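Annotated features, as they stand in TrEMBL:
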ACT_SITE  C234  active site, nucleophile
BINDING   C125, C126, C208, C211  [4Fe-4S] cluster binding site
Amino acid sequence: MSTAHIAEQRSPEELRSLAEQAGRDFEEADALDVLRWAAGTFGHRFCVTSSMEDAVVAHLASRVFPGVRVVFLDTGYHFPETIGTRDAVEAVMDVEVITLTPRQSVEQQDAQYGPRLHDRDPDLCCALRKVQPLEEGLRGYDAWATGLRRDESPTRAHTPVVGWDEKRQKVKVSPIARWTQQDVDRYIAERGVLTNPLLTDGYASIGCAPCTRRVLAGEDARAGRWAGRGKTECGLHG
Ligand code: SF4
């Protein structure tokens, strides 16, 4: 690790003020500049989170911060293609993939709560298999990057490029918040970025297998997530 990547630990007040200032400074900035700022400011107290739908943000981050940590949440319910994408990212990109797992295996959860909790209480299932492990996994970081985009759904339309994650008391960076799907597609094509093979099989947004279906013509990208269950987000970004 170079000295440039050893960052001091800051108080929540300092972090909040950094987030607010950067939110103003970087609203119109290029994604690479946003990531360069995050890497330079937080070093390895900054990480990228990835659902392994594609590796766009991890790829961007590795260009300005080789060896950047990429955090992946393995819920135990992923499609094999998603795990394969994680393994490929780890093998070919200059990043360190960190896989977080829930406290309980699927079998242990089934024994305690009954099978198919995702059908009966998806909020609880997401809390146990996504929100809690991410909470714990992000403890060593001051700032995290996501691939959230404003054009993905109405719930994401106001995603800040740099914002304050009040719940976790961390800086939250969404360097491609202003990108469109066309921008993403162009970057993937130009740079040969790894993508989840399900993206070319009718899936526009990829989460856990029991809670993800293909999207229909005219639906927004996230319409295939928890379809028919009145749920649009897993709680990671609430
Ligand atoms: S997306 Fe579905 S299976 Fe995955 S954690 Fe949430 S409810 Fe459970």
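Using N, Cα and C of the backbone, Cβ positions are placed for all residues, glycine too.
The structure, with features from TrEMBL marked on it.
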{"residue": "C125", "record": "[4Fe-4S] cluster binding site", "DSSP class": "helix"}
{"residue": "C208", "record": "[4Fe-4S] cluster binding site", "DSSP class": "coil"}
{"residue": "C234", "record": "active site, nucleophile", "DSSP class": "coil"}
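In this view, C208 ([4Fe-4S] cluster binding site) is surrounded by 23 other Cβ atoms within 10 Å of its Cβ, with every protein chain counted.
In this structure, C211 is the one among the recorded positions C125, C126, C211, C234 with the smallest number of other Cβ atoms inside 10 Å of its Cβ. For the pair C208 ([4Fe-4S] cluster binding site) and the residue listed as 'active site, nucleophile', the Cα-Cα distance reads 10 Å. Surrounding the centroid of the Cβ atoms of C125, C126, C208, C211, where the record places [4Fe-4S] cluster, the chain contributes additional residues within 8 Å, namely T75, Y77, H118, P122, R129, K130, G207, P210, W226, C234. Note: the CA-CA distance between C211 ([4Fe-4S] cluster binding site) and C234 (active site, nucleophile) rounds to 10 Å.
The two recorded residues, C125 ([4Fe-4S] cluster binding site) and the residue listed as 'active site, nucleophile', show a Cα separation of 9 Å. The distance from the Cα of C126 ([4Fe-4S] cluster binding site) to the Cα of the residue listed as 'active site, nucleophile' comes to 6 Å.
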